[in-house]
Amino acid sequence: MSGGATDANLRLAVTGAGGRMGREVIEAAADREGVAVAVAVNRTATEPVAGVDVDSADRLRELLAAESPDVLVDFTGPESAIAYAGACADADVPMVTGTTGFAGAQLDDLRAASDAVPVLKASNFARGVAALRRAVREAAAALPGYDVELTETHHNGKRDAPSGTAKSILDDVESVRGDLDERVHGREGDAPREASEIGVHARRAGDVTGEHEVMLAGNRETLRLTHRAGDRGVFAEGALDAAAWLADSDPGWYGFDDVLDAGSE
Ligand SMILES: NC(=O)C1=CN([C@@H]2O[C@H](COP(=O)(O)OP(=O)(O)OC[C@H]3O[C@@H](n4cnc5c(N)ncnc54)[C@H](OP(=O)(O)O)[C@@H]3O)[C@@H](O)[C@H]2O)C=CC1
Ligand SMILES: O=C(O)C1=N[C@H](C(=O)O)C[C@H](O)C1
């Protein structure tokens, strides 16, 4: 437990505490007044992060029962996120997850926990990406018949492709452009473009935090909408905003827009 966790306004549990994002969340919590990390776990043994001891993830259920944190924040992998959601449901702890890479049926398993507790899932906690998604929906609707190609770039440690954000943006485009229903992942050989395609390109290189570009082209013009995350603190800050909002919510299934919409009311 971090110093001051007993009298903080928002007491968190953090899973994947030794990962890139888990560390970032613990560090962001340490910098935010009134927020403390009461439970931090990792699959493999990990040194303390920002002064917070990290326990084995095998002890998560026991620790949730002992500490009753206000919200659990998860950035891990699909299988673990589903298991941790079950632990949250049993311990009556709301869950924020930024984990990506869920296969279709896995999302149903994750969502099952939202019958018992509030669960907020977002493929991207950057506010700029929320704005990008709104802009993409508007642009795609305003430019019928234009070709759409999506390119995302991430660091060489990322496992899932395309990114969760890319999949969310593809859903956005398809929601307003019913004529685009074929996701084509890269092209090779004799592969002329069909009008129904959305091209999807996933690049993995170096330490790029995360970039998403949507290109719309047609009628002798090109529109490019791009978001670049400067560092992972952007995601961690958004996840903490989501945790603060979710702590007082009813059981159910939520997204990051629910947090942003509440803030603008
Ligand atoms: N929504 C958003 O804004 C963002 C989402 N993400 C997503 O967050 C997730 C994590 O990313 P990142 O931190 O970069 O990844 P890392 O690989 O750096 O960390 C993953 C963490 O999850 C743990 N983990 C992975 N698989 C399992 C498992 N099966 N069981 C238990 N623990 C597991 C790892 O434990 P161990 O170290 O022991 O292997 C590690 O602590 C990804 O899905 C990524 O796409 C990332 C950035 C922003
Ligand atoms: O793994 C990452 O790093 C990121 N993952 C998220 C995704 O898959 O969209 C969000 C962000 O782009 C960083």
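Numbering starts at 1 and runs along the chain as it is shown here.
Yeah, the Cβs are placed from backbone N, Cα and C, and that goes for glycine too.
Bear in mind that the values here come from a model prediction, so they are computed numbers and not experimental data.
Taking the Cβ of F125 (NAD(+) binding site) as reference, residues of its chain lying under 8 Å away and at least six apart in sequence are, in sequence order, G98, V234, F235, A236, E237, G238, A239, D241, A242, F256. Following the DSSP three-state reduction, the secondary structure of F125 (NAD(+) binding site) is coil. Per TrEMBL, NAD(+) binding site is recorded for G16, A17, G18, G19, R20, M21, G98, T99, T100, A122, S123, N124, F125.
When secondary structure is read from DSSP and collapsed to three states, R43 (NADP(+) binding site) falls in the coil class. For R43 (NADP(+) binding site), the count of additional Cβ atoms within 10 Å of its Cβ stands at 16 [all protein chains shown]. Sequence annotations record features per position, and here TrEMBL assigns NADP(+) binding site to R43.
There are 25 other Cβ atoms within 10 Å of the Cβ belonging to H154 (active site, proton donor/acceptor). If you look up TrEMBL, you'll see H154 marked as active site, proton donor/acceptor.
Residue density at T165 ((S)-2,3,4,5-tetrahydrodipicolinate binding site): 24 other Cβ atoms are found within 10 A of its Cβ, drawing on all protein chains shown. Taken from TrEMBL, the feature (S)-2,3,4,5-tetrahydrodipicolinate binding site applies to H155, G164, T165.
Per TrEMBL, active site, proton donor is recorded for K158. Under the three-state DSSP scheme, K158 (active site, proton donor) falls in the coil class. Taking Cβ-Cβ distances under 8 Å and a sequence separation of 6 or more, the neighbours of K158 (active site, proton donor) in its chain are R204.
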If one measures from the C-alpha of T100 (NAD(+) binding site) to the C-alpha of G164 ((S)-2,3,4,5-tetrahydrodipicolinate binding site), what distance in angstrom results, rounded to a whole number?
-> 5
For ligand 1, the recorded positions of G98, T100, H154, H155 whose CB is under 6 Å from one of its atoms are G98, T100
Report the binding-site residues (R20, G98, F125, T165) that meet this criterion: Cβ distance to the nearest atom of ligand 2 under 6 Å. Use sequence order and write none if nothing qualifies.
-> T165
If you measure between the CA atoms of G18 (NAD(+) binding site) and R43 (NADP(+) binding site) and round to the nearest Å, you get 8
For the binding-site residues G16, G18, which one has its C-beta crowded by the most other C-beta atoms within 10 angstroms?
-> G16
Sequence-distant neighbours of H155 ((S)-2,3,4,5-tetrahydrodipicolinate binding site) in its chain (C-beta under 8 A, six or more apart) | R204, A205, G206, D207, V208, T209
